[in-house]
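The following features are taken from TrEMBL:
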type	residues	note
DOMAIN	39-74	domain 'EF-hand'
BINDING	D52, D54, S56, Y58, E63	Ca(2+) 1 binding site
BINDING	D91, D93, D95, K97	Ca(2+) 2 binding site
Amino acid sequence: MSITDVLSADDIAAALQECQDPDTFEPQKFFQTSGLSKMSASQVKDVFRFIDNDQSGYLDEEELKFFLQKFESGARELTESETKSLMAAADNDGDGKIGADGIFRNLISESLSIENK
């Protein structure tokens, strides 16, 4: 599977452009611009499986560090503070890892709160 099987290459490029500089990654903005926030639960789980390098069913901080590179190989790594922020936003039970359900709930709740502002 390629990420462009489920997301538009133009949307991915626009999302990556918005956060190309260190410490400019905002998860909810990235999820909206890339089109992730408009996807169904099953589509988000497909993307999640693509991002989950070790196929453990969870994303840990090491996998999150390379989050942007899963969308484009030449993208930058997330900074430590961006990685921790993304983890905190989606780690529902505080165990240091994100399951597919956790990231989906985060995508939906964040995108809805932004759209309603």
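Along the chain as shown, residues are numbered 1 onward.
Placed from the backbone N, Cα and C atoms, the Cβ positions cover glycine too.
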Self-check item: Neighbour-count leader, CB within 10 A, binding-site residues: D54, E63, D91, D93
Solution: D91
Quiz item: By DSSP, how many residues in the domain 'EF-hand' (39-74) are helix, how many strand, and how many coil?
Solution: 19 helix, 2 strand, 15 coil
Self-check item: List of residues, in chain order, with Cβ under 8 A from that of D52 (Ca(2+) 1 binding site) and at least 6 apart
Solution: Y58, L59, E63
Quiz item: D91 (Ca(2+) 2 binding site) to D54 (Ca(2+) 1 binding site): how many Å between their Cα atoms?
Solution: 18
Self-check item: Cβ packing number for Y58 (Ca(2+) 1 binding site), 10 Å threshold
Solution: 18
Quiz prompt | D93 (Ca(2+) 2 binding site) to S56 (Ca(2+) 1 binding site) - Cα separation in whole Å | solution = 17
Quiz item: Apart from D52, D54, S56, Y58, E63, which residues in this chain have a Cβ no more than 8 Å from the mean position of the Cβ atoms of those residues at the Ca(2+) 1 site?
Solution: N53, Q55, G57, L59, D60, K97
